[in-house]
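A.B. asks: Just dropping this structure here.
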């Protein structure tokens, strides 16, 4: 019996979620160990690069991303991306046992909602038209509507990086994850273009002679590196069980929007199927929100103090005046 492209994409997406969900926990444990030995990643430290457990998580994530990459070759983003909800379930369950981040009863309900929503999306997912060349993909990427989306996304990313990160990066999770998600959506469409190029090349139609293929590859590499940097900061600063669902919601929503604009995923589907997919997606989002709301917050990290000395040098220490400001108040 022949296996459909959507089925191949479904299996690969599920395996991807398993590996990626596990990688969150391994990287989090690695970041915790690294923080004990040096500067935290959330405040600019890179000691986690010397931590084997972090690298184990990194390798696991790469395996998951490769599976995800191949899944996008066979199935539309509207099917593959929402299945990332399974990685949230994996990370939430593992965090409960390995990181002692409690998963409550409502959290279990959230997991069930994610599964139900994913099943609905799988049942009603569209069959995708695969472009016949990278040049066809390029023509889709240079549509006015998609160019407007790209310009808006990159503008928001620059504002978050240059203005909001220095002021609110340590206190507002949406700063780091906003950067990750906006760039992640653009990464997905670039990776899909690369996947199509590889698939066609393996079939005997070489696509690597086109400059567009190398452009998509360069964009994907730059954006992936940037995503990993900000995802590390988010994981080190905030609770893993909060990072995972919020990142999923933002990333999935933006990816579906980007893919729908560029590849016209819903073209040719009837209203009933599209409505069912949207309902399934909303169910998944509801599950992630429930998970977020029922998780315990990350314990506060050790805080230092900033001290100003306004005493006269001629006075003894006991006569000097000191003003100490707790850094958690300073950055709030």
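Each residue, glycine too, has its Cβ placed from N, Cα and C.
Features from TrEMBL:
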| type | residues | note |
| --- | --- | --- |
| TRANSMEM | 6-26 | transmembrane segment |
| TRANSMEM | 80-99 | transmembrane segment |
| TRANSMEM | 106-125 | transmembrane segment |
| TRANSMEM | 145-162 | transmembrane segment |
| TRANSMEM | 174-198 | transmembrane segment |
| TRANSMEM | 210-231 | transmembrane segment |
| TRANSMEM | 238-262 | transmembrane segment |
| TRANSMEM | 274-291 | transmembrane segment |
A.B. asks: State the non-local partners of the transmembrane segment (106-125) in its own chain: residues 6+ outside its ends, Cβ under 8 Å from one of its Cβ atoms.
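C.D. replies: Hits for the transmembrane segment (106-125): 6, 10, 75-76, 78-79, 82-83, 85-86, 88-89, 92-93, 245, 273, 276-277, 279-291, 293-295.
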A.B. asks: How about the transmembrane segment (274-291) and the transmembrane segment (6-26): at least 3 CB pairs under 8 Å, pairs 6 or more apart in sequence, or not?
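C.D. replies: Counting Cβ pairs under 8 Å, fewer than 3, so no.
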A.B. asks: With the transmembrane segment (80-99) as the reference, find which of 6-26, 145-162, 174-198 contributes the most Cβ pairs under 8 Å.
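C.D. replies: Answer is 6-26, with the largest number of Cβ pairs below 8 Å.
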A.B. asks: How about long-range neighbours of the transmembrane segment (174-198): same chain, 6 or more residues beyond its ends, C-beta under 8 Å?
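C.D. replies: The answer is 69-70, 72-73, 77, 81, 130-131, 134, 137-138, 141, 150, 153-154, 156-157, 160-161, 164-165, 168, 207-208, 210, 212-213, 216-217, 219-220, 223-224, 226-227, 230-231, 233-234, 237, 243, 246-247, 250-251, 253-255, 257-259, 262-263.
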